[in-house]
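A quick write-up on the structure given underneath.
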Amino acid sequence: MSSHARGKELIPLLSFSHQKQQPNLSISSTTKMNKKNPDQKSDMSSSSSSPKKQTLFISSLIILWYTSNIGVLLLNKFLLSNYGFKFPIFLTMCHMSACAILSYVSIVFLKLVPLQYLKSRSQFLKVATLSIVFCASVVGGNISLRYLPVSFNQAVGATTPFFTALFAYIMTFKREAWVTYGALVPVVTGVVIASGGEPGFHWFGFIMCISATAARAFKSVLQGILLSSEGERLNSMNLMLYMSPIAVIALLPVTIFMEPDVMSVTLTLGRQHKYMYILLLVNSVMAYSANLLNFLVTKHTSALTLQVLGNAKGAVAVVISILLFRNPVTVMGIGGYSITVLGVVAYGETKRRFR
């Protein structure tokens with residue numbers, strides 16, 4: 001047989017064999033697709049679980065933020081009023097020392113946030129000014145805890161929006177809608193009512209508490225003015241990194257002058273109570289944790305969420321403090337505090353709507 005004839009016979013055979021192999025190819029491709037399906041299912045399950053992980057993470061942050069904020073407040077009260085450690089300025093210096101050390105570790109070594117540098121002497125002076133005002137607010141708050149129950153301290157502290165609006169108007173001529181200012185009326189009215197119904201009212205403690213609240217609001221407005229340019233703006237973690245050492249340097253001579261026997265009394269208390277130094281250390285670390293978690297909650301939620309959580313935190317702190325310290329409360333005091341909190345909520349809502 002000629003080679004030409006053989007070629008004609010081979011062509012049908014090849015085409016037939018090719019047709020027979022095609023089902024095998026389709027089966028193998030289907031098998032491959034089936035093999036891929038488990039991976040696709042796992043991707044879908046992981047994508048559906050990621051929002052759950054995010055929710056769990058944010059919930060954990062909020063719980064830790066509540067714990068650190070309320071914990072440092074109650075521990076301050078315990079140390080200053082019940083434990084015999086009557087040195088609020090030295091206690092504030094311990095807080096600032098912990099904030100300085102732990103801020104440096106968190107930013108430089110752990111790199112939780114990028115390190116921002118101070119670029120000029122002018123920027124340094126602005127940060128130093130903020131640090132002094134911040135010190136005044138913390139010291140005033142700690143002094144007030146020696147004389148006032150935590151519940152009343154929180155009621156007065158809830159008037160921060162009133163002072164913020166006042167200083168913003170005086171310093172920046174920033175005006176809000178009249179409805180927004182109207183919402184501040186119950187904020188102040190509630191504190192007046194709570195003051196009249198507070199069995200443990202103390203004039204000096206009240207003056208210190210209201211001064212600390214005003215200083216906190218002043219610092220907030222001043223920060224917006226001094227660090228308003230893009231090149232000078234610092235996030236709260238870097239601001240804490242630079243403010244804390246300045247605060248320690250500023251508080252050291254004040255402590256020596258106004259609390260000269262702090263070291264001898266602290267050493268005596270340390271010998272009498274074996275947990276004295278541990279309490280001071282835990283208290284100082286919690287003061288830093290409150291600032292760190294405040295930054296993280298704001299980063300992962302929003303400023304509005306933080307404001308709402310802050311209002312609820314005050315109420316939780318009041319309930320826990322009453323249960324722990326058994327300080328007497330009256331219906332008038334509870335009513336006044338409730339009016340203040342509702343006023344703060346109304347103020348935040350009207351400010352958001354009429355922005």
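For all residues, glycine too, the Cβ spot is worked out from N, Cα and C.
If you check TrEMBL, you get these features:
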REGION    18-51  region 'Disordered'
COMPBIAS  18-32  compositional bias 'Polar residues'
TRANSMEM  56-75  transmembrane segment
DOMAIN    58-347  domain 'Sugar phosphate transporter'
TRANSMEM  87-112  transmembrane segment
TRANSMEM  124-145  transmembrane segment
TRANSMEM  151-171  transmembrane segment
TRANSMEM  178-195  transmembrane segment
TRANSMEM  201-218  transmembrane segment
TRANSMEM  239-257  transmembrane segment
TRANSMEM  277-297  transmembrane segment
TRANSMEM  304-325  transmembrane segment
TRANSMEM  331-348  transmembrane segment
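Between the transmembrane segment (178-195) and the transmembrane segment (331-348) there are at least 3 Cβ pairs closer than 8 Å, counting only pairs 6 or more residues apart in sequence, which means the two stretches are in contact. Packing against the transmembrane segment (239-257) from elsewhere in the chain are residues 87, 89-90, 92-93, 96-97, 99-100, 103-104, 107, 118, 124, 127-128, 130-132, 134-135, 139, 223, 227, 291: each is 6 or more residues past its ends and has a CB under 8 Å from a CB in it. Sequence-distant residue pairs (6 or more apart) of the transmembrane segment (277-297) and the transmembrane segment (151-171) include fewer than 3 whose Cβ atoms are under 8 Å, leaving the two stretches without contact. If you look at the transmembrane segment (56-75), the same-chain residues 6 or more away from its ends with a CB under 8 A from one of its CBs are 145, 150, 279, 282-283, 286-287, 289-290, 293-294, 296-297, 300-301, 309, 313, 316-317, 320-321, 324. Here the transmembrane segment (331-348) touches the transmembrane segment (151-171). Their Cβ atoms form 3 or more pairs under 8 Å, with each pair 6 or more residues apart.
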